[in-house]
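K.L.:
Here it is, the structure in full.
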Amino acid sequence: MIQPVKEKIILGIDPGTTIMGYGVLRVCGTRPEMIAMGIIDLRKFGNHYLKLRHIHERVLSIIESYLPDELAIEAPFFGKNVQSMLKLGRAQGVAMAAALSRDIPITEYAPLKIKMAITGNGQASKEQVADMLQRMLHFAKEDMPVFMDATDGLAAAYCHFLQMGRPVMEKGYSGWKDFIAKNPERVK
């Protein structure tokens, strides 16, 4: 008997406080296909809390549009500006909360791991990552976004696709109960 090919939708997010990128992959068997990529433009919001609300609303809207099975999100890198890191962490947390509210499992990937998975070079530029994705997913140069944040979101999804079927060291959560069970020290 022929088994039907399993389809999986992966949403990838590149968190940001000015521009947040996302990409959506459909995986049929072992073949990935880009079905969307774009940005959430937060530049018009002066208040950080309004940005967080907009991130939550837009991520939920993207989830409702594409019905992803899993979320791959880029983990914040460690920078020198503590305030910027705090705001970026909040933005990432709000995007994760939106996915968790729909019981979507989440996996975080370090920027270096994503770049390494896509280009073979952990120090690759955003342009090199975008160019490699364009070649691997066969989308037209004209479809290349103005903001590389969109291809960074797509890169997170593609990195997750490459990790499917392999043991993953990063923490993944299937919902709030799973998060609490794996992180009791973080809950008061």
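Cβ coordinates come from backbone N, Cα and C, glycine included.
Worth saying up front: this structure is predicted, and the values here are computed from it rather than measured.
So Swiss-Prot has the following annotated:
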ACT_SITE  Asp14  active site
ACT_SITE  Glu74  active site
ACT_SITE  Asp149  active site
BINDING   Asp14, Asp149  Mg(2+) 1 binding site
BINDING   Glu74  Mg(2+) 2 binding site
K.L.:
Output, ordered by sequence, the same-chain residues six or more apart from Glu74 (active site) with a CB under 8 Å from its CB, or 'none'.
P.N.:
Ile13, Asp14, Pro15, Glu108, Tyr109, Ala110, Pro111, Ile114, Asp152, Gly153, Ala156
K.L.:
Between the active-site residues Asp14, Asp149, where is the Cβ count within 10 Å the lowest?
P.N.:
Asp149
K.L.:
Can you see whether DSSP assigns Asp14 (active site) to helix, strand or coil?
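P.N.:
Once the DSSP labels are grouped into three classes, Asp14 (active site) ends up as strand.
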